[in-house]
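Now, the feature entries from Swiss-Prot:
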{"type": "ACT_SITE", "residues": "His77", "note": "active site, charge relay system"}
{"type": "ACT_SITE", "residues": "Asp128", "note": "active site, charge relay system"}
{"type": "ACT_SITE", "residues": "Ser224", "note": "active site, charge relay system"}
{"type": "ACT_SITE", "residues": "His341", "note": "active site, charge relay system"}
{"type": "ACT_SITE", "residues": "Asp382", "note": "active site, charge relay system"}
{"type": "ACT_SITE", "residues": "Ser478", "note": "active site, charge relay system"}
{"type": "DISULFID", "residues": "Cys62-Cys78", "note": "disulfide bond"}
{"type": "DISULFID", "residues": "Cys158-Cys230", "note": "disulfide bond"}
{"type": "DISULFID", "residues": "Cys187-Cys209", "note": "disulfide bond"}
{"type": "DISULFID", "residues": "Cys220-Cys249", "note": "disulfide bond"}
{"type": "DISULFID", "residues": "Cys326-Cys342", "note": "disulfide bond"}
{"type": "DISULFID", "residues": "Cys444-Cys464", "note": "disulfide bond"}
{"type": "DISULFID", "residues": "Cys474-Cys502", "note": "disulfide bond"}
{"type": "DOMAIN", "residues": "24-273", "note": "domain 'Peptidase S1 1'"}
{"type": "DOMAIN", "residues": "294-526", "note": "domain 'Peptidase S1 2'"}
{"type": "REGION", "residues": "27-46", "note": "region 'Disordered'"}
{"type": "SIGNAL", "residues": "1-23", "note": "signal peptide"}
Amino acid sequence: MKWCWGPVLLIAGATVLMEGLQAAQRACGQRGPGPPKPQEGNTVPGEWPWQASVRRQGAHICSGSLVADTWVLTAAHCFEKAAATELNSWSVVLGSLQREGLSPGAEEVGVAALQLPRAYNHYSQGSDLALLQLAHPTTHTPLCLPQPAHRFPFGASCWATGWDQDTSDAPGTLRNLRLRLISRPTCNCIYNQLHQRHLSNPARPGMLCGGPQPGVQGPCQGDSGGPVLCLEPDGHWVQAGIISFASSCAQEDAPVLLTNTAAHSSWLQARVQGAAFLAQSPETPEMSDEDSCVACGSLRTAGPQAGAPSPWPWEARLMHQGQLACGGALVSEEAVLTAAHCFIGRQAPEEWSVGLGTRPEEWGLKQLILHGAYTHPEGGYDMALLLLAQPVTLGASLRPLCLPYPDHHLPDGERGWVLGRARPGAGISSLQTVPVTLLGPRACSRLHAAPGGDGSPILPGMVCTSAVGELPSCEGLSGAPLVHEVRGTWFLAGLHSFGDACQGPARPAVFTALPAYEDWVSSLDWQVYFAEEPEPEAEPGSCLANISQPTSC
């Protein structure tokens, strides 16, 4: 009968393991003494028993959170310098209200081991988390961790805790800060509205963001690695994120970037013994905050169809003395880009009006700015910027189109879309979308130089298109935008200059290529919406999520 003992022992072991796991889950995430609800400002002793000060040679470097009796979770970038990996110089302080020294009842523990994700390269690239194994167990209550499928309430209030070195109010004292969780797309949208390329799309796969209350300074130096935690309905506090980095101490218009703990839960589960990964109620609804920021190049309706009416919320219809004359693209709250040749001999702003998106009304023009080097379409520089008489309010029916930076790729063979008229000379009701294939200057030059072509030189600042298929009737529209999609974001690739955009490959249409004119546009109106090309999605922690990693990754 000995063969029976194996299964019996396994079942008993599993029972003990399950009981231990359930006990850990009950114990984790229980806030200590203090007000019934967290209050903005200084904490009280023991309020957050898992709060850790990560120190090197006694000086506070980063914050962290106790997630098991021998494990502290913090940020990888705290250990980027070579000297930082000398573990005997590092320690973790638990239970202290002060950034320096030890509060009564605080405990300082040495660090026995450090674990970083293999994919970590730089905090801006993601995977910014680290595990510190303590030299001996501690009795402080740990924070709960989320399962991989955990959904946090975007737009709802969670809390960050840290010492916030830049505050003048009780410097060096542990503080509570209310943060609203912000999804990655919305966070990127907010940062892109700062119109600074080095801050473009900072939230990468495996990140989320947190925004402080209006007028309140967010996490700052020394708060890196600290927890952002949310209260679950069952009363447990769960770590939603790890403070990674911010611009200007996370002001309202520049949220703090967080490592998404749930996105790295599998990595944590494989390494942390004794941590409680809290199961979430399956009834938790999906939550979205997409409506809180209007992103350039975002299309909330069905995509374009050949020959169908335009779905573009950035479409501009230029009316000269009441007649449809040209197309264009809305690129900010008050700017439209179009072709310069539309205005030769008719440059009085009062003669023009602009229809936008799906809105029925029209806007007047305050100013017309033609590129100073423009002489004729075949000579290039066929671009103009129009300033509206009044700024528009962006929303579902009006959104700006993203402008590309000079290194934006417009590869041969890429699918694009243009606007055309269903009938020659027809008005607004005849506008339709036309699918096209992008052609670079070399391929386009060969076709224009071939028999039957017009022999026009194709300059480096141009891009060409060839219509895909045939529509029953179609005529290109001067100044109309050439748009293409990159992983869900739409960009202005070009503005129609000459040639018929409805023609096939024998006579490609020619467009002013927007990547070549970033300097000119920026010099006129820095408020336009430039955007980086979205990078390929990847599993958080994978090498693909960190494109600057060496190939050995």
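Note: Cβ is positioned from N, Cα and C throughout, glycine not excepted.
Known features from Swiss-Prot, placed on the structure.
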{"residue": "Cys62", "record": "disulfide bond", "DSSP class": "strand"}
{"residue": "Cys78", "record": "disulfide bond", "DSSP class": "helix"}
{"residue": "Asp128", "record": "active site, charge relay system", "DSSP class": "coil"}
{"residue": "Cys158", "record": "disulfide bond", "DSSP class": "strand"}
{"residue": "Cys187", "record": "disulfide bond", "DSSP class": "helix"}
{"residue": "Cys209", "record": "disulfide bond", "DSSP class": "strand"}
{"residue": "Cys220", "record": "disulfide bond", "DSSP class": "coil"}
{"residue": "Cys326", "record": "disulfide bond", "DSSP class": "strand"}
{"residue": "Cys444", "record": "disulfide bond", "DSSP class": "helix"}
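Cys326 (disulfide bond) and His341 (active site, charge relay system) have their C-alpha atoms 10 Å apart, to the nearest angstrom. Distant neighbours of the region 'Disordered' (27-46): 95, 97, 103-105, 141-145, 159, 161, 169-170, 173-178, 213, 216, 229, 232, 235-238, 275-276, 278; these residues of the same chain sit at least 6 beyond its ends, with a Cβ under 8 Å from one of its Cβ atoms. For the region 'Disordered' (27-46), the DSSP-based tally of helix, strand and coil residues reads 1 helix, 2 strand, 17 coil.
Across the fold, the C-alpha of His77 (active site, charge relay system) and the C-alpha of Ser224 (active site, charge relay system) stand 8 Å from each other. Annotation note: Cys342 (disulfide bond) sits in a helical segment as assigned by DSSP. Only Cys62, Cys78, of the disulfide-bonded residues Cys62, Cys78, Cys209, Cys464, have a C-alpha within 10 angstroms of the C-alpha of Ser224 (active site, charge relay system). Per-residue pLDDT, averaged along the domain 'Peptidase S1 1' (24-273), amounts to 88 for this model. Each residue contributes its Cα atom, and for Asp128 (active site, charge relay system) and Cys464 (disulfide bond) those atoms are 42 Å apart. Residue pair Cys220 (disulfide bond) / Ser478 (active site, charge relay system) shows a Cα separation of 50 Å. When the Cα atoms are compared, Asp382 (active site, charge relay system) and Cys230 (disulfide bond) turn out to be 53 Å apart. Ranking the disulfide-bonded residues Cys158, Cys187, Cys230, Cys464 by how many other Cβ atoms lie within 10 angstroms of each Cβ puts Cys230 at the bottom.
For Cys209 (disulfide bond), the same-chain residues lying six or more positions away in sequence with a CB closer than 8 A to its CB are Leu181, Ile182, Ser183, Arg184, Thr186, Cys187, Ile190, Ala203, Pro255, Val256, Leu257, Leu258. Cys464 (disulfide bond) falls within a strand segment according to DSSP. DSSP gives Cys230 (disulfide bond) a strand state.
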